[in-house]
Amino acid sequence: MVISSDMAEETNPNPSWYTAKRLLALFCIINMLNYIDRGVIASNGVNGSLRTCTEGGTCSGGSGIQGDFNLNYFEDGLLSSFFMVGLLVASPIFASLAKIHNPFRLIGVGLSVWTFATAGCGCSFNFWSIAIFRMLVGVGEASFISLAAPFIDDNAPPDQKTAWLSIFYMCIPTGIAIGYIYGGVVGNFLNWRVAFWGEAVLMLPFAVFGFVSQPLKLKGFGSFNKLNDLSSAMEINHTDCEDVQCLDDNDCLLSEVPESEAENINEHAEVNVKKKQSLLGRLEPLHEQLKGVWNDLKILLVDYVYVVNVLGYIAYNFVIGAYSYWGPKAGYDIYNMTDADLVFGGITIVCGIFGTIGGGFVLDYVGSSIRNAFKLLGGATFLGGAFCFSAFLSKKLYGFIPLFAAGELLIFATQGPVNYVALHCVTPSLRPLAMAMCTVSIHIFGDVPSSPLVGVLQDYVQNWRETSLILTSILFLSAAIWFIGVFLHSVDKSEEDSKATGTSLLGSPHQTPLLDGTVEA
């Protein structure tokens, strides 16, 4: 007896390599590599410095990207924004494609683009060439950030979901910090281009794994092979019906015309039907897909819990994005840190690890709910902002470091709870789009404009202390917005049937395949 591939997939849905902890470790490493790249381009060793000239006419050649391409602060800040443009455009596209293609395969596609683009950054020859490659890096990262968190949420133990998400998002500050150190060392001792080539080599095995390994299923999405087979069968039946109707009409017409003209009429009719079917066949799936995405977006826009969560995250990310990009430069200028990459990298690693994991465990301990998550988000952000503001008021480095470390510890405690809210205030089939649009929003209104705007502000005030204080005050706005969420009526929708949204395109409305092979009825 021959067993079809679809039947084999049903009887053994889990890949041989799969365990929940192994999946978490795999995604953590990939996420860390993504954010190492963010730290690398912000490090003084890779980003470099401008060419400077003294009053006596002695000029230095500059260093890194800024020195080689002679970029001012605004152009330098735009490199971060170009990355975000690619990320923002591609995120909703990958989220919508997840309904018709296996999400695990889409991650493999994105990682392949990322690997090519980071290698290209090391080969760039002017501002526009590196800007284009930075945009492609964003495109490559888009598939992973949209789809990885739902996979982790599906496979985490029920009483540790926030903790697992926190471990995953812990890789953001840790990756950025390692990027500072790695970029500083490689840029200073070798060349800034080598840092990008090293990233590409490290990511290549994971890109290959995304294609050659047996893919995983995502909760709320059914078998993609079955869906394609069903769509093909429906299309064939629809075509057959149209052909029968057309032939019946032709038979009626042919009975009234001479036999010599009947063959021509029949031939022209068949050609017209094929042309019509070909055109409609190409446009109808695209139209239905766009219509489904638009309906999903309308659901997200009227979800007040989701909107408040994203608005608070936007203000938060405006500050964090500028911190990560301009932090080493500000520290070097304010406190004359010759090793600013190492100092900011070390603080971010320690506080990122303990703060992010701590925030997740605290929420699980007090009870994982959307309301409790908003309480933790508002409180941690307000206190963290107060410590960071006090740090930049300090005149001495030994006063700055402990205050800033305490602030970052509290600020990073928000990573698990904010993503918990984003995943649990929507139904399973909406999670990829919810994560994608959250990412789009926090970047297009957050760190995309923050890097160049802070650069413009610094060009105007010429004082990194004042610039940093103005920037840090925005954290209090973020805390106020998240406190609003405490008073909203919130419902955990993560276990609701995907049919409730009216937009799920995959699988049976009453059966949701889970990763462990069971079926949720």
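Cβ atoms here come from the backbone N, Cα and C positions, even for glycine.
Automated prediction, rather than curation, is the source of TrEMBL annotations.
As recorded in TrEMBL, the features of this protein are as follows:
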type: COMPBIAS; residues: 500-511; note: compositional bias 'Polar residues'
type: DOMAIN; residues: 23-497; note: domain 'Major facilitator superfamily (MFS) profile'
type: REGION; residues: 499-521; note: region 'Disordered'
type: TRANSMEM; residues: 78-97; note: transmembrane segment
type: TRANSMEM; residues: 104-127; note: transmembrane segment
type: TRANSMEM; residues: 133-152; note: transmembrane segment
type: TRANSMEM; residues: 164-182; note: transmembrane segment
type: TRANSMEM; residues: 194-212; note: transmembrane segment
type: TRANSMEM; residues: 304-326; note: transmembrane segment
type: TRANSMEM; residues: 346-366; note: transmembrane segment
type: TRANSMEM; residues: 373-393; note: transmembrane segment
type: TRANSMEM; residues: 399-421; note: transmembrane segment
type: TRANSMEM; residues: 469-489; note: transmembrane segment
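When each of 104-127, 164-182, 194-212, 346-366, 373-393 is checked for Cβ pairs under 8 Å to the transmembrane segment (399-421), 373-393 comes out on top. Beyond the ends of the transmembrane segment (304-326), by six or more residues, the same chain brings 38-39, 42, 77, 80, 176, 370, 374, 377-378, 381, 411, 414, 418, 421-422, 425-426, 434, 437-438, 441-443, 445-451, 454-455, 458, 467, 471-472, 474-475, 477-479, 481-482, 484-485, 488, 490 to within a C-beta distance below 8 angstroms of the stretch.
Taking Cβ pairs closer than 8 Å, the transmembrane segment (194-212) reaches residues 26, 29-30, 33, 36-37, 40, 45-46, 104-105, 107-109, 111-112, 114-116, 118-119, 121-122, 182-183, 186-187 in its own chain, all 6 or more past its ends. For the transmembrane segment (104-127), the residues of the chain that approach it from at least six positions outside its boundaries are 30, 34, 37, 41, 69, 71, 75, 90, 94, 97-98, 133-134, 136-137, 139-144, 147-148, 151, 193-197, 199-200, 203-204, 206-207, 209-211, 213, 215-216, 218, judged by C-beta separation under 8 angstroms. Outside the transmembrane segment (164-182), and at least 6 residues removed from its termini, the chain residues within Cβ reach (under 8 Å) are 24, 27-29, 31-43, 148-149, 152-153, 156-157, 195, 198, 324, 328, 341-342, 344-349, 351-353, 355-361, 408, 412, 415-416, 419-420, 423.
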